[in-house]
Amino acid sequence: MPQLTDKKTKVKTEEHSSLKGTLASVFLLGFFLIFTWVGVYFLFLDRL
Amino acid sequence: MHMHKYEKIWLFFGIGSLFLFLTIVGVSAFAQGNQPPSCLTTIDPEKVDQTPPFNKPGLVKTGDNEYQLNIVASAFAYTPNQIEIPKGAKVTINVTTKDVIHGFEMVGTNVNMMVEPGYVNSFTKTFNETGEFTILCNEYCGTGHHLMTAKVKVVDKQ
Amino acid sequence: MNETMKVDRRDAKLAMAHIYVAFIALALGGLAGLLQVLVRSGKFTLPANINYYTILTTHGVLLGLVLTTFFIIGFQFAAVSRTAGTLSDKARTTGWLGFWVMTIGTALTAFYILIGEASVLYTFYAPLQAHPGFYIGLTLVVVGSWLSGFAMFAHYAKWKKANPGKTSPLLTFMSVVNMILWLVCSLGVAATVLIQLLPWSLGFVERINILVSRTLFWYFGHPLVYFWLLPAYMIWYVVIPKIIGGKIFSDSLARLSFILFLIFSIPVGFHHQLVEPGIDPAWKYLQVVLTFMVVIPSLMTAFSMFATFEMYGRSKGAAGLFGWLRKLPWGDARFFAPFVGMLFFIPAGAGGLINASHQLNQVVHNTIWVTGHFHLTLATTVVLTFFGAAYWLIPHLTGRVMTKTMNRLAIVQTVVWAVGMLFMSGSMHFAGLLGAPRRSAFSTYGNSPQALEWIPYQIAQAIGGTILFIGIILVLIIVTNLAFFAPKGETEFPVGEVAETAERTPLVFENWKLWIGITVALILIAYTIPFIDMIQNAPPGSKGYKLW
């Protein structure tokens, strides 16, 4: 097992900027989930 | 545990959305009464034909513009299978089965329930528009499963 | 650390035995699937009075139960042998015993299905009553899988003993979580089969409690899908980073998500029973809330995957918001197949949220939407990931290498699968919203105008299903090649390393008493009162019916 304990502080600042694509991707995913859910919810309301 | 700032943002948003969905369906279910069909009434599945109201299945008027539609499912038919409902009627549909598990789906509506031996299932719907609906069995019940169907006509009041 | 780079030859044989059965099941089950979509298009009928529902039962049992369980256990034996060291003779023998018990069980079950004595579908709801041999066969499959689970637990315990105070290898840890999940959930199906269905089909008891049997089935039936999914997640978390040349984003978060799966994937079975009588809607809603909790580890997984890809791409100099996408090894089937699986998990997850949303279930329950849903989750996400794993696992185990030609064919296979599924699952989703039922042969319901609207979608399903069958033939060619004909050589079993920026994994994740305790507590909270209600207010039981 490699010792990883004190390497944590190293890349704090650039780390945040370097995952912006990930943040954008998961939010796109999240909006898709909301969009489909709301779509079927309206279908349910329409059929009430 | 260390978590990346962006992951915290994402989980806050994601879990927040989950709770929003849960709140919407929860309020709709518990405050507005839109619960899924969950009737707790039991019945002896071998004595359905002798047990009211299923001894005389069909549409019964119970009040001003309020009706009960009692249907018996069995392999591979619904009794009755041709039903006329006056437009604007608020209908409580009660279904039970004499043999195996069946489904009860009124195509294009929210009427969709499991029909299980020993239980009555129930759902109330107001029919505001004229038209024709197909009822079908959507739970496998045997060789004739896909032939098990009935028809509902919503008609203008005479 | 007794990590070995290569799976021991004797362990490799055990893993391969499972994989052979899995792919034989894929061939037969796939053929059944092809027949189904053709019948359902309305353009074909089955020859020689073959019953549609016999074919449907074959398809469900072979692909849902046999392909998955065998591949998963084979993969996990290889994974624990690779990461926690060669199995002891005792563990390996137990594994072989498990394999034979499962295989005999499968053969028995398949026999009774094929002679038409068990056309009760893969869900086998009573009071439809199959031949006792069907239930005995299924029991053997489950018991065999338990034996293999015990072998893996023993292997894990041996590693812990030899490495006190150390964090176990990630793949071994994940395999253990998955087998605990499997053991706890399959107790439900074992209970309904052994206590209810088997004595009833043998004629020892006349009647059976339907709702109790269904509830026990779904106590098993939903965690079952996580038992399929978690090995795919193992490959995503641990193997994919190594294949692309990157690092595991975080060992701790991977373990956390697996523990969350263990805790939340079992007390959720009522979301399959949302529209049925005899269960109070408040209890249904409680399980709906718990079902939504099991989405959280998947949200975490999505982040970890994107982060792994982005960190790798940026380390290769990618710029811009999505520039890292271009750095990924698109020409490598070991990456490409699971990646397409991941993409399909996005609409799959969206559909899952809808299915589980309490009264929203009325829109889709038992429509072919649901079939479309699990052909995204299981038959695309999980299966493409398993295919992607087979492309390195089989040559690793058989001492061969995948040729460039086979890799190209595997890329084509993935594309074929994606296109076929887009057609088939896509049209299933739309037809389902229009009300087309699942588990049904072709029918126009007396020329109902509503049913006639579904026919174009059913034809699209048949086109998609046919394309998928071509995909099955392609993967069988690749797998046969890798197992018997590919050139001899060394293939890596890729196991990723943790990113340097990630923190050290806390040991709390291996506090099994704590996690199993929470799991059991949640199950008791979610099920005890409604279950007592079912038994106390039970209607007269049902006799058996054979309506096929």
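Every residue gets a Cβ built from N, Cα and C, even glycine.
Mean per-residue pLDDT, taken over the domain 'Cytochrome oxidase subunit I profile' (C:13-540), amounts to 96. Here TrEMBL flags C:13-540 as domain 'Cytochrome oxidase subunit I profile'.
Residues 44, 46, 50, 52, 55-56, 58-59, 61-63, 66-68, 70-71, 74, 102-103, 106, 424, 461-462, 464-466, 468-469, 472, 475-476, 479, 483 of the same chain lie 6+ residues outside the transmembrane segment (C:20-38) yet bring a C-beta within less than 8 angstroms of a C-beta in it. As annotated by TrEMBL, transmembrane segment applies to C:20-38 (among others).
Under the heading transmembrane segment, TrEMBL lists C:50-75 (among others).
Residues of the same chain lying 6 or more positions beyond the ends of the transmembrane segment (C:96-115) and with a Cβ under 8 Å from any Cβ of it are 14, 17-18, 21, 25, 54, 57-58, 61-62, 66, 69-70, 73, 130-131, 133-134, 136-149, 151. Marked as transmembrane segment by TrEMBL: C:96-115 (among others).
TrEMBL lists C:135-157 (among others) with the feature transmembrane segment.
If you look up TrEMBL, you'll see C:169-197 (among others) marked as transmembrane segment.
Annotation comment: TrEMBL describes C:217-240 (among others) as transmembrane segment.
Residues annotated as transmembrane segment in TrEMBL: C:252-270 (among others).
The transmembrane segment annotation in TrEMBL covers C:290-312 (among others).
For C:333-354 (among others), the entry in TrEMBL reads transmembrane segment.
Residues of the same chain lying 6 or more positions beyond the ends of the transmembrane segment (C:415-435) and with a Cβ under 8 Å from any Cβ of it are 37, 340, 344, 351, 363-364, 367-373, 375-376, 379-380, 383-384, 387, 450, 453-454, 457-458, 460-461, 463-468, 470-471, 474. The transmembrane segment annotation in TrEMBL covers C:415-435 (among others).
Annotation source TrEMBL lists transmembrane segment at C:455-479 (among others).
Residues or ranges marked as transmembrane segment in TrEMBL: C:514-532 (among others).
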Result, the transmembrane segment (C:252-270) in contact with the transmembrane segment (C:514-532) (3+ CB pairs under 8 Å):
yes
